[in-house]
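The following features are taken from TrEMBL:
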BINDING   Gly207, Arg208, Ser209, Gly210, Thr211, Gly212, Lys213, Thr214  ATP binding site
DOMAIN    186-574  domain 'UvrD-like helicase ATP-binding'
Amino acid sequence: MICLMLTAYFSKMLDGRCFLLSSGWRPKKHNVVTSCSRSSQILKKFKVEGLYIVCTPDIAKDLRYIQILKVWDILPLEDIPKLGHRLETILNRYTDDFINLCVEKYLEGDLEVPQSWPLSMEFSRFKDFSVTETQSDFVGDTSDGRSYVENSQVSESLLLMKFYALSSGVVNHLLSDREGRELDLPFEVTDQERDIILHHRSSFIVGRSGTGKTTVLTMKLFQKERCYHLAMQGCYDTENSKVEQSSATTDGKVLRQLFVTVSPKLCFAIKQHVLHLKSFACGGSDSTERSLIDMVDFDEEESQFKDIQDSFRDIPPSSYPLVITFHKFLMMLDGTLSNSYFARFCDAPLTHGQLRSSRSVAFQAFIRAKEVSYERFSSSYWPHFNTQLTNNLDVSRVFTEIISHIKGGLGSIESCNGKLSREDYVQLCEGRGSNLSKQKRDTIYDIFQAYEKLKKGNGEFDLADFVIDLQRRLKHEKYEGDQMDFIYIDEVQDLTMSQIALFKHMCNNVDEGFVFSGDTAQTIARGIDFRFQDIRHLFYKKFVLESRTNKHDERKEKGKISEIYHLTQNFRTHAGILKLSQSIIDLLYRFFPLSIDVLKPESSLIYGEAPVVLESGENENAIIKIFGNSGNIVGFGAEQVILVRDDAARKGISNVVGKHALVLTIVECKGLEFQDVLLYNFFGSSPLKNQWRVIYDYMKEQDLLDSTLPKKFPSFNEAKHNILCSELKQLYVAVTRTRQRLWICETVEEISKPMFNYWKKKCLVQVRQLDDSLAQAMQVASSAEEWKSRGIKLYRENNYEMATMCFERAGDTYWEQRSKAAGLKAIADRMRVSNPEVANSILREAAEIFDAIGKADSAARCFSDLGEYERADIAHLYGLRIARYGPHSSSFTHISSN
Ligand SMILES: Nc1ncnc2c1ncn2[C@@H]1O[C@H](COP(=O)(O)OP(=O)(O)OP(=O)(O)O)[C@@H](O)[C@H]1O
């Protein structure tokens, strides 16, 4: 086998010589790039058509450990010394044992074939720094006793590169016309990832941000797809026989796999990836290729699923593997059972037929108008509650309690109406992890009751009501949709227990069929609160035990569920950032052990500088210092961002920086990553104010307090410092958005001091004076393509304001207008209940813009929401004409003038 590092550029270079290498052919003379050290002696180069393939022997884990050739690059002679030098630093970290294995020769006649060893063989690839005497072998700051193998920019790292096993499929992909497109093929994963992928029982995967959770899930799905494909062709692969043997997969002709994500953006990316993988697994059939969605023309959630009906009954085999959002999953489940939840809303402008069509414009409009999201709860409901009740409570905390515990917890599923009684809810204060007193719970229950009453009066519903109704129907009615063979649920931390419990009806293969993945350090979704251990408990109680009572005793043994798997290697950023984020996690472990799962700290092979705390002069505003220099200001590029706490802060900063930088709130940036992040005034705007001094309490316990630090500080009190938990999780999400540089800047020194002192004491940050040269070095210009690509990412996150700015910077008028109109429509949707008149006039403006740029579907949707069905029809017809004749079709003029 040969492993090949791929870039689009390579496709031009391959002439089959790599195949020869992989089959044991070697040129008579192959040169060593450099030969000064033992490790670099394994570096080889082979000449191919005037270019050089630079590679090293390596070892991969398969059925046995096996020698492979790893190709690092193909490049002209003059570029080799630079790569050689960088590689040498990495290869010097290899252990002698590892190098000996790599160079062992095994000949069959004249052919050199790969040597292999049993998996029981033990060896380490990299030297263990803690036992090495010559520390100079390692790079960067090693004061923490860890070793870093590479010191490079994250974006240029050789160790974070993806490698692909060379096969005829890969070469076909390379040689086909896919210029400039990133390769979407299964790449070589780490041993840790591989073990999870091959584990055949139901499992739970946890790992911090960027550790490969989604990768493992999609590869698992791909693995099953490929095995099934081989099985159907009659090629039995002994290694993967588990899939073939699984009763679930042999009785039908279709392998039914379901992949569910919470965010539409992630769902879209995975759908693309899965279709590419499927096409690859099946030898790249044309029909699969054609069904790929146009990346750029991605629109609202429903358009992703145009080809999928709102029901799990008789799904066409070609729709599998089914990749959908959780929202779509609920709609499909609703459509599978009788008596749709939405039929009860008598003013719903729906017929049963319409309900079953996922394209029904009126149906989508109804949900948009009537669903109470967190935003609507806080803007339209909260102000109506008695202030005596709401006074000392945080709106997001109350929403979480209602959605996750009163209406969405494990206890709720078991109660008769799907909601906890006051008595049961108040009693939770005696249970694990409760930091709400009896009295506070009583008050929250009062608010809950007021909320339910008001909601009923408004004829509205929330997601929990919908889920309760589905649970109720499933109790009385057998699910008769397609049974799934395997279900994968990503971002599971953003779901409630009763939402997760719905999946048990979809798949009888409890022992092998479920994989859940997520990260509780990133739970900043409004309304959700749980740990992974809780899902495990739920899985055991609701999935395993309930399936056992229906089956015979022989299933007992099979009923065991897997341990939680932990992913620990970070692929997104360097050690400087990881150490800082771990320090935040440590505080969560200490203060809120019940709101986060304990994981081994992440590791990174890449050394990187510690984040920078910016200090500016007295009375000097850092933002003005960086962006206010009206002379030759470059501004932040598309890969850089200013992160702030909330909308108000965003508006304030945007007024100063204008279009010179992207400004996002922490909630908005979740799931996104940037090259550089400036975290602005996080502490200064914190509701915790001077209570951040409770950090000194932790420092005292850790023996980190010295004489320069305060002697007096508050002791930690769970009830009083409850809000610290969500503050730390937000801080964690903010600092983990960066790949390379992180600057932290505060306006109120007093409030940030405790955390800064904690970080300084642990040598996790460096303090820099913000002078002109630093301000300049922070700014990196971007090309029009980079701005557009960032705009598309933000558009998919529904962040239209910032997306519009990106498209403007990219000079793309069509997208600028489209994003502007989408933004207006979103504002109108939010105002629909509180101010219908203004909402309608904003919506009309959006409709006209959509219409003007030829975005007929969206224009039709707006006109339909406005009740202007005739115009909606015209726009819809126009859309059809565009699809048939193109945007300048004269027939439109004819229709609109009629
Ligand atoms: N073995 C690997 N080699 C190289 N890159 C990898 C490897 N495994 C994962 N990656 C890459 O690392 C990045 C992060 O992976 P992924 O999105 O799966 O992480 P995640 O844990 O789901 O992150 P988050 O929680 O932030 O969504 C992706 O670009 C992925 O392609």
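Quick reminder: no glycine exception, Cβ is built from N, Cα and C everywhere.
With respect to ligand 1, the binding-site residues Arg208, Ser209, Gly210 contribute Ser209, Gly210 as residues with a C-beta closer than 6 angstroms to one of its atoms, given in sequence order. Taking the centre of the Cβ atoms of Gly207, Arg208, Ser209, Gly210, Thr211, Gly212, Lys213, Thr214 as the ATP site, the nearby residues of that chain (Cβ within 8 Å, site residues left out) are Asp519, Leu567, Asn570, Phe571, Arg572. For the domain 'UvrD-like helicase ATP-binding' (186-574), the mean pLDDT of the prediction comes to 77. Sorted by the number of other CB atoms within 10 A, the binding-site residues Gly207, Gly210 start with Gly210, the lowest. Taking Cβ-Cβ distances under 8 Å and a sequence gap of 6 or more within the same chain, the neighbours of Gly212 (ATP binding site) are Val189, Thr190, Glu193, Leu567, Gln569, Phe571.
Less than 8 angstroms from the CB of Thr214 (ATP binding site) sit Leu266, Ile270, Asp490, Ser517, each of them six or more residues away in the same chain.
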